[in-house]
């Protein structure tokens, strides 16, 4: 920073600094320090006013009785006195740019300080405050410059701050290896304790095993001493020993898949011998013919009986007619009391037809209402009241699965819907139309 003007310090200002104090005389400025350097530092602090004035003159109105009283007062500390400026402080005052850079560096370094540095700085703060106030107090009162804040911190304070920072860093760096050493020592102690515990557990386990083995051996010895617990077994005699079976090495032995059992009945159990010899057969035929000739040639004939009961028209009651099933929903299934229909083979309790043919009987002539109407176009009520009615099997028109299979034909299945689709009332007419077309 270039100074606008350079002027010498007036005589009055020099007299103030050279005047003796209460406790110790002020020796004055050193001889080796030129007065021109001090004047340059003063001019740098008041650069704004010096730019406007080429010839700066000292104004005596600033030196009042109060100013003189302030300089004559005792310092803050009785043990510490002001001994004047050193050469480094004077050089610092001659280079204001260096002062500003150090001040800015110190201001930037303050936020980065940790808690430990703040604690250490709080202890050093009273001393710095006193020295700062003492060193900058005279300049502030003597010169009344507007830029006094820039040059308020001297080199001594900055050097003290730097020394304190370096000491704190050294302490911090010394603490870190100590902390690492402490953690390493703690880990070693823990590992030693664990190994000691493991060794103690293994030792205790070995002792327990040894004690258990000794106790078991003692118990076995006591049991062996009592003969009742362990009776002596005599080896079997040589005569009772079974002779080992001879192994067959000739040929391959086939595995028995179905071995014989003691509970299985013998072969040909409950079987009759139907084989006849020729002589015995001729004897039987001869005896049969002889009996026939003795009886006069008339053989006894047996009358064929109907399996089912024959019911005439007079035996049909009104209750039987009301019990006729018109649709499939009217049919009630009963496997005990019901009778079977020849067409559908379902055992129901509804009234069915009765064939009037003397040679027909049983299930052959029984048809339920839905089957007789859909398959043949007839009514059960009319069939029961007709004394000459015969069943479809007797007439040779039965189209059930059994009768068609007997005739060498396949079963038709449910054809009533298809027959009605083509305009026929029953399956018999539909099958007859198909037979005519073929």
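Including glycine, each Cβ sits where the backbone N, Cα and C put it.
What Swiss-Prot records for 75-86 is compositional bias 'Acidic residues'.
Look at Swiss-Prot and you will find 152-167 tagged as compositional bias 'Basic and acidic residues'.
Marked as compositional bias 'Basic residues' by Swiss-Prot: 168-177.
What Swiss-Prot lists as SUMO2 cross-link is 210 (among others), and the listing cites similarity to another entry. Within 10 Å of the C-beta atom of residue 210 (SUMO2 cross-link) sit 10 other C-beta atoms, taking all shown protein chains into account.
Following the DSSP three-state reduction, the secondary structure of residue 213 (SUMO2 cross-link) is helix. For residue 213 (SUMO2 cross-link), no same-chain residue that is 6 or more apart in sequence has a Cβ closer than 8 Å to its Cβ. Annotation comment: Swiss-Prot describes 213 (among others) as SUMO2 cross-link.
Taken from Swiss-Prot, the feature phosphoserine covers 21 (among others), and the record attributes it to similarity to another entry.
Per Swiss-Prot, phosphoserine is recorded for 77 (among others), and the stated evidence type is similarity to another entry.
Taken from Swiss-Prot, the feature phosphoserine covers 101 (among others).
Positions annotated as phosphoserine by Swiss-Prot: 104 (among others).
If you look up Swiss-Prot, you'll see 135 (among others) marked as phosphoserine, on the strength of similarity to another entry.
Annotation comment: Swiss-Prot describes 136 (among others) as phosphoserine, evidence class similarity to another entry.
The phosphoserine annotation in Swiss-Prot covers 159 (among others).
The phosphoserine feature in Swiss-Prot is assigned to 183 (among others). In the three-state DSSP assignment, the secondary structure recorded for residue 183 (phosphoserine) is helix.
Swiss-Prot lists 185 (among others) with the feature phosphoserine.
Swiss-Prot lists 249 (among others) with the feature phosphoserine.
Annotated region 'PSIP1-binding' per Swiss-Prot: 56-115, in sequence order.
Each residue contributes its Cα atom, and for residue 183 (phosphoserine) and residue 210 (SUMO2 cross-link) these two points are 41 Å apart. Other Cβ atoms within 10 Å of the Cβ of residue 183 (phosphoserine), summed over all protein chains shown, number 10.
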